[in-house]
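A.B. asks: Dropping a structure here in structure tokens format, bear with me for questions.
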Amino acid sequence: MTDKRKDGSGKLLYCSFCGKSQHEVRKLIAGPSVYICDECVDLCNDIIREEIKEVAPHRERSALPTPHEIRHHLDDYVIGQEKAKKVLAVAVYNHYKRLRNGDTNNGIELGKSNILLIGPTGSGKTLLAETLARFLDVPFTMADATTLTEAGYVGEDVENIIQKLLQKCDYDVQKAQRGIVYIDEIDKISRKSDNPSITRDVSGEGVQQALLKLIEGTVAAVPPQGGRKHPQQEFLQVDTSKILFICGGAFAGLDKVIEQRTETNRGIGFSATVKGSSEKVTKGELLAQVEPEDLIKFGLIPEFIGRLPVVATLNELSEEALIQILHEPKNALTKQYQALFNLEGVELEFRDEALTAIAKKAMARKTGARGLRSIVEGALLETMYELPSQDSVEKVVIDEAVIAGQSEPLLIYGKHEAQQASGE
């Protein structure tokens, strides 16, 4: 049977690239004396996409943001913590400048600037690390130090961290080597006592020892996709000296260690400096005075502290800062819920007294910014449950009484009738 063209000729048409006839493909696109099928078009698109992927890292390297630009971007998403943002901006800039220009400059070897973030729960440590990675468009992964153990023990090996990073970038080693790793709860792997113990501390000092080489820089052999189930597969070699490690922790009790040191240095007897009650130093001010010896006394081993040369301290968030966090950043919590309600065609309004009540509640719980979402979620739960079943609601108003649990959110209907969510 002969294929017929629309112009009436009996010539069978073939793709000029793969040679398939017009009956073997879905579409054959004609050009001047040539034809290309839909399959070859798809293949060309794949080739172009791969080329773009390879070119992208070079483009990024040529446009490294300055510390000012990094700090400015952090300001859009993180409220307060000005000193910490400045320290991070400089450290991150220097790290990627080192990668871009090679580890040496005129024969001088440039050291690696891993970062230690010290601050209470909910002060923004994780958010800072996530925002940095997103801005720089580099792979990012998080690990919880409390789940890590030495190799050979029940728990997560430290090298699993690199495996997670590889998973985030589809096992592209070059891309992973430009990534950021955030290790949370690093204070929880402190040594149980000041003196090294004869018994093995596999989740404390043992983990610190295991992390040493990884953080400083080593070539880690990581199993490819499929892991240890396929031992015949060749391991991927990842150079961790190019990965930026950021460690964070609350370090509860560290302020007491610092206070003890500063009190001792102040002297005793007639030469002692007497401090009045009005001169009482805050916890944040104490943490800002942290020295390596304080961290050693807290339980981190000297070698581990040496691998984290850049230290930034974060202050406990005040009530005013929590109110700002609720509505000022680009992805502020209230803006997120307003966008969610907007998908239902409903306007969501948070009154000023409601924001204050949310902040007060979070302060009472001592959870910092981390506790804000659960408070808002609790206040809006019933409304979010009922709203998709109601067609005429135009606006939902949240006030102080709603946050306190004394009343339901105010629902404003299309006919401009205000009713309580309870159905009054």
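Every residue number used here counts from 1 along the chain in the order it is shown.
Yeah, the Cβs are placed from backbone N, Cα and C, and that goes for glycine too.
Since the structure is predicted, the reported quantities are computational estimates derived from the model, not experimental observations.
As annotated by Swiss-Prot, domain 'ClpX-type ZB' applies to 2-56, with the evidence given as sequence analysis. The annotation Zn(2+) binding site is assigned in Swiss-Prot to CYS15, CYS18, CYS37, CYS40 on the grounds of sequence analysis. The annotation ATP binding site is assigned in Swiss-Prot to PRO120, THR121, GLY122, SER123, GLY124, LYS125, THR126, LEU127.
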A.B. asks: How big is the Cα-to-Cα gap, in Å, between CYS15 (Zn(2+) binding site) and LYS125 (ATP binding site)?
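C.D. replies: The separation of the Cα atoms works out to 57 Å.
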A.B. asks: Counting across all protein chains shown, how many other Cβ atoms sit within 10 Å of the Cβ of PRO120 (ATP binding site)?
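C.D. replies: Around the Cβ of PRO120 (ATP binding site), 21 other Cβ atoms lie within 10 Å.
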A.B. asks: Looking only at the domain 'ClpX-type ZB' (2-56), what is the model's average confidence as pLDDT?
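C.D. replies: Result for the domain 'ClpX-type ZB' (2-56): average pLDDT 79.
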A.B. asks: Specify the count of other C-beta atoms within 10 Å of the C-beta of CYS15 (Zn(2+) binding site).
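C.D. replies: Its Cβ shell of radius 10 Å holds 21 other Cβ atoms.
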A.B. asks: Taking each of the binding-site residues CYS18, CYS37, CYS40, LEU127 in turn and counting other Cβ atoms within 10 Å of its Cβ, which one has the fewest?
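C.D. replies: So among CYS18, CYS37, CYS40, LEU127, the binding-site residues given, the one with the fewest Cβ atoms within 10 Å is CYS18.
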A.B. asks: Determine the Cβ neighbour count for LYS125 (ATP binding site): the number of other Cβ atoms within 10 Å of its Cβ.
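C.D. replies: Summing over all protein chains shown, LYS125 (ATP binding site) has 25 other Cβ atoms within 10 Å.
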A.B. asks: I want to verify one value. Collapsing DSSP to three states, which class is SER123 (ATP binding site)?
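C.D. replies: Once the DSSP labels are grouped into three classes, SER123 (ATP binding site) ends up as coil.
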A.B. asks: Would you say which of the binding-site residues THR121, SER123, THR126 has the most Cβ atoms within 10 Å of its own Cβ?
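C.D. replies: In terms of Cβ crowding, the pick is SER123.
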A.B. asks: Using the CB centroid of PRO120, THR121, GLY122, SER123, GLY124, LYS125, THR126, LEU127 as the ATP site centre, which other residues of the same chain sit with their CB within 8 A?
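C.D. replies: These residues sit around the ATP site: GLY119, GLY248, LEU314, GLY368, ALA369, ARG370.
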A.B. asks: Rounded to an integer, what is the Cα-Cα distance in Å between GLY122 (ATP binding site) and CYS37 (Zn(2+) binding site)?
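C.D. replies: Rounded to the nearest whole number, the Cα-Cα distance is 56 Å.
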A.B. asks: Given the binding-site residues CYS18, CYS37, CYS40, find the one whose Cα is closest in space to the Cα of GLY124 (ATP binding site).
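C.D. replies: Going through CYS18, CYS37, CYS40 one by one, the Cα closest to that of GLY124 (ATP binding site) is CYS40.
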A.B. asks: Write down the Cα-Cα distance for LEU127 (ATP binding site) and CYS37 (Zn(2+) binding site), rounded and given in Å.
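C.D. replies: Distance between the two Cα atoms comes out at 48 Å.
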A.B. asks: Can you list, in sequence order, the residues of the same chain other than CYS15, CYS18, CYS37, CYS40 whose CB lies within 8 Å of the CB centroid of the Zn(2+) site?
C.D. replies: SER16, PHE17, GLY19, LYS20, VAL25, LEU28, TYR35, ILE36, ASP38, GLU39, VAL41
A.B. asks: Could you check the binding-site residues GLY122, GLY124 and say which one's CB has the fewest neighbouring CB atoms inside 10 Å?
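C.D. replies: Selected from the binding-site residues GLY122, GLY124 on minimum Cβ neighbours within 10 Å: GLY122.
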A.B. asks: Reduce the DSSP letter at CYS37 (Zn(2+) binding site) to three states and note it down.
C.D. replies: strand
